[in-house]
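Asks: Please see the structure below; I have some questions.
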Amino acid sequence: MAFRKKSTKNPPVLSHEFILQNHADLVACVGMFFVLGLMFEGTAEASIVFITLQHSVPFPAGEDPAKELKFLYHYGIKDLATVFFYMLVAVIIHATLQEYVLDKINRRMQFPKAKQSRFNEAGQFSAFYLVSCVWGTFILISENCLSDPTLIWGAHSHNVMTFQMKFFYISQLAYWFHAFPELYFQRTKKQDLPRQLVYIGLHLFHIAGAYLLYLNHLGLVLLMLHYFVEFLSHICDLFYFSDEKYQKEMSLWAVVFILGRLVTLTVSVLSVGFHLAGGQNRNPDAISGNVNVLAAKIAVLSSSCTIQAYITWNLVNVQLQRWKEEDAVLQAPSVKKKRTKGRSSRKGTENGVATSNKVDSPHKKKEKTS
């Protein structure tokens, strides 16, 4: 019995196709390199910079500073190493979700190639937004931001953040930085690159701005509002891809989208207006987070308003494009009916002429014989 030959060949090592197919394994090897560095005394200090949070400062946890100490965190240059490591983790999680969940759904639903990329994008973002919303809400509850809203715009005396707050921002930065190589790994089309780059860049700009200016609570609240609306958006897309009868839910989501933008603008205006309510500082220091000046407030508020206007404009364009596609689909059957009617009438006339010729043919034969 002869062996069956394989239809596909393994690509050459370190070739373009090899990297695309095995990028998760390659990135996992790089990540394990940093983890294994913890096992040796000479490399442990360097590996800790990549894996754990840096720039910690001890503070007294209670009235007696000699009894208990808690560690709060500043930001610094070493955070770039931590962001890089968790960017590798984000690539691995992205590939795992794609291979074991989204690809299996694609095979079962048998989506066309045009919908596969959009379905994968909606699936990845919906999972990320869901985890971020749950995680961020837990942080807001644990730091009493919901029971005491003044913490959103109140100033911290030492310009520090808790462990969970810093780890959340590090993870957010790592995820959005990992989106850049994913454009290459997922073979994004050239016409989609500008939209994706702007989308990723805007998130990085605002998350990094809230992190560097110590607007941690305000940034977290605005992110939760934004992520919740985006989560609903991608969930609606997933339902729409599975069955196009869910088009009505898209209009309902549009209302929620507009309300989310209005709430975000309201929170931004109130927070910036009341931020650091003790008054403006005459000696601002961006490194220590002392940015309570009119210029900084205007920059933060204008940035928030600009991003909301940009997102709303994109929604209007997407909705108009979908309406055009629906109109084209509705007009297509009527055009087909007209064509079929024209063809049937032509066939009818041709058949009538043919039958008349057949009937007249015996008379012509008699005339010829006579």
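Glycine is no exception: its Cβ is also placed from the backbone N, Cα and C atoms.
These came from TrEMBL, pasted as-is:
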TRANSMEM  83-102  transmembrane segment
DOMAIN    117-326  domain 'TLC'
TRANSMEM  122-141  transmembrane segment
TRANSMEM  167-185  transmembrane segment
TRANSMEM  197-214  transmembrane segment
TRANSMEM  252-274  transmembrane segment
REGION    331-370  region 'Disordered'
COMPBIAS  335-346  compositional bias 'Basic residues'
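Give me the local environment of each listed feature.
Replies: Within the chain carrying the transmembrane segment (83-102), a Cβ under 8 angstroms from the stretch's Cβ atoms is held by residues 23-24, 27-28, 30-31, 34, 50-51, 119-120, 123-124, 127, 170-171, 173-175, 177-178, 181-182, 185, all 6 or more beyond its ends.
Here the domain 'TLC' (117-326) has a mean pLDDT of 80 out of 100.
Beyond the ends of the transmembrane segment (122-141), by six or more residues, the same chain brings 94, 97-98, 101-102, 105, 164-165, 168, 172, 175, 217, 220-221, 223-224, 227-228, 230-231, 234-235, 237-238, 241 to within a C-beta distance below 8 angstroms of the stretch.
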